[in-house]
Amino acid sequence: MAQVEANNVTVSQGFRMLFSLMTPEESSFATVEEVPKYVNQATPYFIGLILLEIVLGWLKTDGPHIKINDFITSLSAGMMSRLPQLMMRSVELSAYIYIWDNFHFLELPWDSAWTWWLAFLGVDMGYYWFHRFAHELNILWAGHQVHHSSEYYNLSTALRQSVTQQFSSWIFYSPLALLIPPSVFAVHIQFNLLYQFWIHTELVKDLGPLELILNTPSHHRVHHGRNPYCIDKNYAGILIIWDRMFGTFAPESDKVIYGLTHPIGTFEIWSVEFLYYPYLWQRFWEVEGISNKLSVIWKGPGWTPGKPRLGDIADIPQITGEEKPHDPAWSPVMQAYVILQFFLLLDVYNSLLLDQMILSELTVILLTAYVLLSLTSLGFLIDQRSNAAELEMLRCVLIMLLHRFGYIKPLLPALAFPMEAFILISTIYWSLQSVKQRTDKMKKQN
């Protein structure tokens, strides 16, 4: 069985964990503390496959092409969704451990292949039901809609995750805690999530007989569609058999148009993550009667008074084939700037995830604040908001301070001076832009 020191995955394991090809022998652990943080270690593999998808998309004349604004927003949502786990253990795992410690009535052996495979099936079925309820209950949809807000379908879309989703998903895995040790669950909850990364692509078409058993890119494309035939279909994580068993399966047929039935039209990360909650609150107060108010929360997002629990499929906007994703024009120079700043941020973020156990509490707090400020500021730049210049100026000043005091270090020591020079020039530029915007605003007011 896997040993305590095996907290870092090998390159082979790194790729295999993305396709649920790890064996029980190499991924069984006696305690939760021994379980590798597979998701945190997956970042380089995510980036590698995303770059491969981009290259293959360029080589194909009709291949999918990445939009920088959508790409950065998806990665930003994924980064934000992982930040709470810097401060605390995941809610899913914490709840599971509590139930295990207080209520389990049977302790299956952690080093048994039978336990491993039972956990594989149990977690996957639990995910199916959580995912289904996340589409059928408006209060859960408020979190899950983040993942569906992209109007594109590529590997970066897989990383567009919700901050709040974990606060409800634990419920659907709790029965497993009555007999399956937490260390086994901690492995499979990560593997289930990682598998779902590679199926977010248009490059893989049909996988033959595997389509009967596994959730594949074709099946999951349907799930992300806003075509009427795609709504509330294909909830599977790894095994598509659950959808076939419970009547929610639909094969890919007409060209899929991706995204929400009512697109959000923004790339600002706080709006992407949380804008549905104020909308839900507004709907709650607009409808009359306590029954209708409760229905706003506990029925589907398409429900209105007098309609079925999940809404009327006839109310779904029809697909014309002329739908265009939200993609406002912005200069190539600004795109290059945002890309460069984002990848500087990504290096800090990845180091924060991997080194959090050896960093001081103050360092973790400062770097987390820096990541949040950066995600916000870059979102403002992409959205071309009026106060983006001032926020970016403040962010650049913070970067210089963190770098000067050793909280941020470049990937290579030789890059220290170029990085400082770039940030200094950026600070000056955004300061001048801020002054110009304030001056122009004052002139208009006068």
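For all residues, glycine too, the Cβ spot is worked out from N, Cα and C.
Per Swiss-Prot, the feature domain 'Fatty acid hydroxylase' maps to 117-248.
For 131-135, the entry in Swiss-Prot reads motif 'Histidine box-1'. Here the motif 'Histidine box-1' (131-135) has long-range neighbours at 141, 143-144, 165, 168-169, 172, 232, 235-237, 246, 248, 300-301, meaning same-chain residues at least 6 beyond its ends whose C-beta is under 8 angstroms from one of its own.
Mean model confidence for the motif 'Histidine box-2' (144-148) is a pLDDT of 98. Here Swiss-Prot flags 144-148 as motif 'Histidine box-2'.
Look at Swiss-Prot and you will find 220-224 tagged as motif 'Histidine box-3'. Sequence-distant neighbours of the motif 'Histidine box-3' (220-224) (same chain, 6+ residues past either end, Cβ-Cβ under 8 Å): 148, 153, 157, 196, 199-200, 202, 230, 233-235, 250-252, 256, 258-259.
The transmembrane segment annotation in Swiss-Prot covers 39-59 (among others). Taking Cβ pairs closer than 8 Å, the transmembrane segment (39-59) reaches residues 8-9, 14-15, 17-18, 65-66, 82, 154-156, 159, 190, 193-194, 197-198, 201, 203, 346, 350, 353-354 in its own chain, all 6 or more past its ends.
Residues or ranges marked as transmembrane segment by Swiss-Prot: 103-123 (among others).
Summarising the annotation, Swiss-Prot assigns transmembrane segment to 167-187 (among others).
According to Swiss-Prot, the feature transmembrane segment maps to 329-349 (among others).
Here Swiss-Prot flags 362-382 (among others) as transmembrane segment, drawing on sequence analysis.
What Swiss-Prot records for 410-430 (among others) is transmembrane segment, and it gives sequence analysis as the kind of evidence.
Residue counts for the motif 'Histidine box-1' (131-135) under DSSP (helix as H, G, I; strand as E, B; rest coil) come to 5 helix, 0 strand, 0 coil.
Long-range contacts of the transmembrane segment (410-430) within the same chain: residues 337, 340-341, 344, 347, 389-390, 392-393, 396-397, 399-400, 403, each at least 6 residues beyond the stretch ends and with a Cβ under 8 Å from a Cβ of the stretch. Counting residues per DSSP class in helix, strand and coil order gives 86 helix, 3 strand, 43 coil for the domain 'Fatty acid hydroxylase' (117-248). Beyond the ends of the transmembrane segment (329-349), by six or more residues, the same chain brings 43, 68-69, 72, 75, 79, 367, 370-371, 374-375, 378, 381-382, 384, 408, 410-411, 419, 422, 426 to within a C-beta distance below 8 angstroms of the stretch.
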